[in-house]
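What TrEMBL records for 33-88 is domain 'Acetyl-coenzyme A synthetase N-terminal'. The annotation domain 'AMP-dependent synthetase/ligase' is assigned in TrEMBL to 99-481. The CoA binding site annotation in TrEMBL covers Arg198, Gly199, Gly200, Lys201, Thr318, Ser537. For Gly398, Glu399, Pro400, Asp422, Thr423, Phe424, Trp425, Gln426, Thr427, Asp513, Arg529, Arg540, the entry in TrEMBL reads ATP binding site. Look at TrEMBL and you will find 545-627 tagged as domain 'AMP-binding enzyme C-terminal'. According to TrEMBL, the feature Mg(2+) binding site maps to Val551, Val557. Annotation source TrEMBL lists N6-acetyllysine at Lys627.
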Amino acid sequence: MSNAIESVLVENRVFPPPEAAVKSARISGMAAYQAMCNEAEKDFEGFWARLARDNVVWTKPFTKTLNESNAPFYKWFEDGELNASANCLDKHIGTPVENKTAIVFEADDGAVTQVTYKELLARVSQFANALKAQGIKKGDRVIVYMPMTIEGVVAMQACARIGATHSVVFGGFSAKSLQERIIDAGAVAVITANFQMRGGKELGLKSIVDEALAMGGCDTIKNVLVYMRTPTTCNMVAGRDKTFTEVLQGQSTECKPEPVNAEHPLFILYTSGSTGKPKGVQHSTGGYLLWANLTMQWTFDIKPQDVFWCTADIGWITGHTYVAYGPLAAGATEVIFEGVPTYPHAGRFWQMIEKHKVTVFYTAPTAIRSLIKAAETDEKVHPKNWNLTSLRILGTVGEPINPEAWMWYHRNVGGEKCPIVDTFWQTETGGHMITPLPGATPTVPGSCTLPLPGIMAAIVDEQGHDMPNGSGGMLVVKRPWPSMIRTIWGDPERFKKSYFPEEMGGKLYLAGDGAVRDAQRGYFRITGRIDDVLNVSGHRLGTMEIESALVSKTDLVAEAAVVGRPDDLTGEAVCAFVVLKRPRPTGDEAKKIADELRAWVGKEIGPIAKPKDIRFGDNLPKTRSGKIMRRLLRSIAKGDAITQDTSTLENPAILEQLAQKS
Ligand code: WTA
C-alpha cells in the first residue's frame, strides 16, 4: 500500500465548517450540497442550463445546452453568444460594483495601485482599440508574455473583448519555449513588457521575446507591444515593436465588446503532457466563463465585501480562472501581487493580508511549506506577527497538501476559524472539480473531499470499472462539464487519445491522476500523477520534455532518463540519469557537467525545469528489448533499496553505479 493511500485511511481529524460560514454561505450545509448534486443527477442538462442562464450575460441566449453528437468534442450552449470581457466588466456598469475597487495591485517594491471596475473597463477598452488598430482581429491568436501587473490582466481582457484568442506564456519560460508556443499557436502578435520586477531584480522579458523571434519560424508575428514596466530602455525593432504608450495614443476608452459564439476559443494555454511536446489546451468562452464565475461563488462563497487574493501567476491556469476572469466576473475586489513571497522577507504574504484586509486567500502548498520553513527558522516572519483576522476562507491548489502543512495553515494563518478549501483541478478542467464547500463540507487534512455539483468524478480501474471506496485507482470524470478542455490546439487526435482513451470505452475523461476515496465519507484524496508528468512546486513538467532538452545537448549527452522523487519542500523533484558521450565523470568534473546541464535545461525550457539531482552512468537500466526501466530509476532516485524484480534487466550492475550520488 502506498503511503498516500495509507494516510487517507488513518486520517481521522475532521473539521466541521464554522457556524458563521454555514449561516452565510450560498451553499449552506451538506443537505443543500446534496440537493444540488441530486438536481444534476436527475436533469443534467436542465441543471447546467439553469446555471448558465443565471450566471452568464448572453447577447444571444442559447437554446441548446449540450451537444454530444461528436463526443468527446462536446459543445455547450452552442447557439448562444456572449463576450467574456463584457461578462467581467460591462455587466457591473450601472450597478453598485462600478465604482468598487476591482484590482489592488501591489508591486514588488510595495507600491500600491488601485483601479475601479469603471476604470478597468476604460483601460481594457482602450487597449482593445489599440489591438484593433494594429490589425488584430477576432480569431487571431495573441501571445501574452507579461509580468504580474494590472496590464497583464488588461491585455488578456482586451483580447477577449475583440474575440482574439490569447495564449499566455509564463514569464519564467525560456526563449525556446516561447518560440515553440508562438509557432504552434500561429500567433500574430506578442504582448510583453520591457522587464519584470521580482525580488528587487529587474529581469528582461523583451530580450527573451527578441531571442525567441530571432530563432526563426515566427513570421506570423507582425506586432510586439511592449509595456514599459521600468524606465530602463530595451531594444525596439522599428515597424514591429511599439510601446503601450505609442499604441494607446489617441485611442478611445470605449470599445463595443465583440459577441462570440459560446464555443469560440477564449484562450489556449500550454501545459506539459506525457510526450515531449507541450499541449495547447483550448478553452471555450461560454462554458469556461460560467464555471469561472460559479466556482468563485461556490468554492470561495465570494461576497460584495470580500477582498480576494489568489497568488498564482497569470501564466498558469489558476491565474486565468482566479485572477483574470473569475474574480471580475463575480464583481469581487482582488489583490494582484507582482513579486515573490520571500522578498523582502518571508512574511510578505502575511503582511499583505493584513495591509489589504484580505478575506479569502488562495495559494499553493509549496508556498505554504516554504513559508513554514522560513517561520521555523526566523520568528520574525511567522504569521503571528501580523493581524490576519480579516481572513474567513483559505484555499490551496496545484498539488496534494500534506496534512502537516494543512494543520499549520489552519492554525497559524486561519486562526482555527477558516475553512480550508483544498481545490483539485487542472489546466484542462478550466476550474475547480473536487473541493470542499466552505459552508457545507466537513474538511479532512489532505483531502479535496467531494466533487462540485454537476461534476461526475469517479475512481476506476484500467478498464474503466468503478473501484470501491478504500481502494485506489484512476481519477476520471464520467460526464462532460461546461468548462472542460475542448481540444488540443491543432491536434484533435492527441486530445482524444490523451483524455478519452479507447481502452476505457472512450467516454471517460481521464485526469492523469491517481486517487482513493475513504470508506467512511467517500472523500477523495489525490495520490499524484499516474503518467509521465511531474509536479514540482505545483508546476507541471513532462519528464519527456526534460529528457528531450537534455539529449538536445548533442556534444555532451548520449542518453537521458528523467523521473521524479518526493521532496519535502517542492512536493516532487526532478531527477535526471544521464549517459555522456565521454567517460562517466566523477567528483568535481561531475559537478561541473551537472551544472552545465542544469543551465542548459534552464535555457531550453525555463529555470523551473532544472533537474535537482543529476546522476551519471555508463548506461541506463534497460530490458533486453532496450526499454529503459523507469520504475527502477524511481526507486534509485528515492534512495530506496531495489526490491523489484530485476531478472529482465540487461545490465544489473548499472544499478549500483547509478545509486551513487555524484
Ligand atoms: C495536481 C493546476 C492534489 C494534479 C490547477 C493535477 C492537485 C495537476 C490539486 C494539474 C490538489 C492540482 N490536490 N493535486 N488540490 N490541484 N493538483 O494543470 O496532479 O497546473 O493533475 O492545474 O496538479 O496541474 P495544472
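For all residues, glycine too, the Cβ spot is worked out from N, Cα and C.
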| query | When you measure from the Cβ of Gly199 (CoA binding site), how many other Cβ atoms are you left with inside 10 Å? | reply | 12
| For the domain 'AMP-binding enzyme C-terminal' (545-627), residues assigned helix / strand / coil by DSSP | 28 helix, 27 strand, 28 coil
| said: If you pair up every Cα among Arg198, Gly199, Gly200, Lys201, Thr318, Ser537, the residues annotated as binding CoA, what's the maximum separation in angstrom, rounded to an integer? | reply: 25
| Those binding-site residues listed as Val551, Val557, and which of them has the most Cβ atoms within 10 Å of its own Cβ | Val557
| Of these recorded positions, Arg529, Lys627, which scores lowest on Cβ atoms within 10 Å? | Lys627
| query | Listed binding-site residues: Arg198, Gly200, Lys201, Thr318, Pro400, Ser537. Which have a CB under 6 angstroms from an atom of ligand 1? | reply | Thr318, Pro400
| query | Given Thr423 (ATP binding site) and Val551 (Mg(2+) binding site), what distance in Å do their CA atoms have, once rounded to a whole number? | reply | 36
| query | Does Arg198 (CoA binding site) have same-chain partners at least 6 apart in sequence with Cβ under 8 Å from its own Cβ, and which are they? | reply | Asp108, Pro147, Glu338, Gly339, Val340, Tyr343
| request: Can you tell me which recorded positions out of Thr318, Ser537, Lys627 are within 10 A of Gly398 (ATP binding site) by Cα, answering none if there aren't any? | output: Thr318, Ser537
| remark: Same chain, |i - j| six or more, Cβ under 8 Å of Lys201 (CoA binding site); the result in sequence order is none
